[in-house]
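TrEMBL lists 22-44, 98-123, 164-184, 190-210, 278-296, 308-327, 339-364, 376-399, 411-430 with the feature transmembrane segment.
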Amino acid sequence: MVSSPSPASPDGGKDSNLMRRILGLGFWVQGFRCLPWLAINFFLKDGLNVDPSTLQLLQNSANLPMVGKPLYGVVSDAVYISGQHRIPYIAIGAFLQAASWLAIAILSPSGISIFTLSLCLLLSNLGASIAEVANDAIVAEIGKELTMPPKTSQSSSSGEIQSFVWIASSAGGVLGNLLGGIAINRYAPQAIFLFFSLTVALQLFITITVHESSLDLPKSPSRVGIRKQLSELSVALQKPEIAYSIAWLAASNAIIPALTGTMFFYQTEHLHIDSSVLGISKVFGQAAMLLWSIIYKLYLKSVPSKKLIAAIQGVMAVFMLSDLLFVKGVYRNMGVPDSFYVIVFSGLLEVLFFFKILPFNILIAQLCPSGCEGSLMALVASANALSFIVSGYLGVALSSCVGVTSSDLSGFPQALLIQALCTLVPIYWASCIPDDKKSKTSAKNE
């Protein structure tokens, strides 16, 4: 049955409310995903008795589906399912997540192998990636529609929807980390996996009851083929300022050997830090990210992106050297409680990697040719995800080289020193990042 689209009501009306419910739920679930992932660390350590290197290897390998985000975005743009190209992909992503976490929940630790667990985690992240791409695409489409000349009176709604989904995702993250920190001590990890599986299943059922036409999304005049979209993305990447900038961002993360698995073992096994403290630490980190976005908007927009990104890279190195002092017991001897350090400094270091994403994305937006913004930003996210995976693998190799195991952490300080030195290296080739003035001039010449 085909019906003509009904005009949107002046005040947003029913379509706007339904769209906000779908987006709010989708982004809230994205943030809430931290709940099972906090539990999976304890499940691997205590249930499967893996060592730090294996834990980190599994964590980073599970993120491989995130690298395919540009492909998922191109497919969702070009391939329609029952006349829809957003809602079905959100439903597919929710189904994969619900099924994956349910499988982990119903299998006992003695009956699940590392291979089976890895496969489930890969499918979960594949589903999350597909859903995230579809949700982001809806936000981008709404933002583009609301800033069109005929709807200039609604231009403020574009920024409003961005703020709305950011708050929804942050709220999910805060709640997930808080619940995770508390629940780990009271319930088995399988119970947490089951709870999250049911939560995503609820999202699935709500999503499939909504038809995309009821969201009143902007209609494309014609469907652009996959080959056409890939061609436009290839043209953008031929611009040196774009290619070099993305390469620098990826290399600046990839060159740093991540030691998150080893630090997790050190905090929980050696220092016996309570899981609730780890949850609060992650909440503190997310609060810092929100504060950073406000500070940047109010005070740092005029600072050249190159200088700001390089400065953040240097601060990261300082925090890693601080971790070295923490492991050596320097702060403990000064009277600083281990739990305080974990909440504040470890929480900040975990999100410092993402601080440079905000000015970098603004710079890339200046450089990006018109028509391929979505594909290029998805590529940046993909390159970022791949760089963190490489960083994790390098961390596993470094831990092995210095002899770090679950029972012997004597080489951990040496690994932290090497990590801090590697963090400083990208600052020396920060010239790959174009200056703001040059990038703006380049954009005007397009």
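A Cβ is built for glycine as well, from the same backbone N, Cα and C atoms used for every other residue.
Within the chain, the transmembrane segment (22-44) has long-range Cβ neighbours (under 8 A, six or more residues past its boundaries) at 50, 54-55, 58-59, 87, 90, 94, 97, 101, 104, 109, 117, 121, 128, 131-132, 135, 138-139, 161, 164-166, 168-177, 179-181, 183-184, 189-190, 192-193, 195-196, 199-200, 203, 206-207, 210, 215, 264, 268, 275, 278-279, 282. Contact between the transmembrane segment (411-430) and the transmembrane segment (308-327) holds: at least three of their C-beta pairs are under 8 Å, each pair 6 or more apart in sequence. By the Cβ criterion (under 8 Å, sequence separation of 6 or more), the transmembrane segment (339-364) is not in contact with the transmembrane segment (190-210), since fewer than 3 such pairs are found. When Cβ-Cβ distances below 8 Å are used as the criterion, the transmembrane segment (308-327) is approached by residues 252, 256, 263, 266, 300, 338, 341, 345-346, 348-349, 352-353, 355-356, 359-360, 409, 412-413, 416-417, 419-421, 423-424, 426-427, 430, 433 of the same chain, each at least six residues removed from its ends. Outside the transmembrane segment (98-123) by six or more residues, the chain places 36, 40, 43-44, 47-48, 50, 54, 58, 61-62, 64-65, 190-191, 193-194, 196-198, 200-201, 204 with a CB less than 8 A from a CB of the stretch. Sequence-distant neighbours of the transmembrane segment (190-210) (same chain, 6+ residues past either end, Cβ-Cβ under 8 Å): 18, 21-22, 25-26, 29, 32-33, 35-36, 39-40, 43, 87, 90-91, 94-95, 97-102, 104-106, 108, 180, 183-184.
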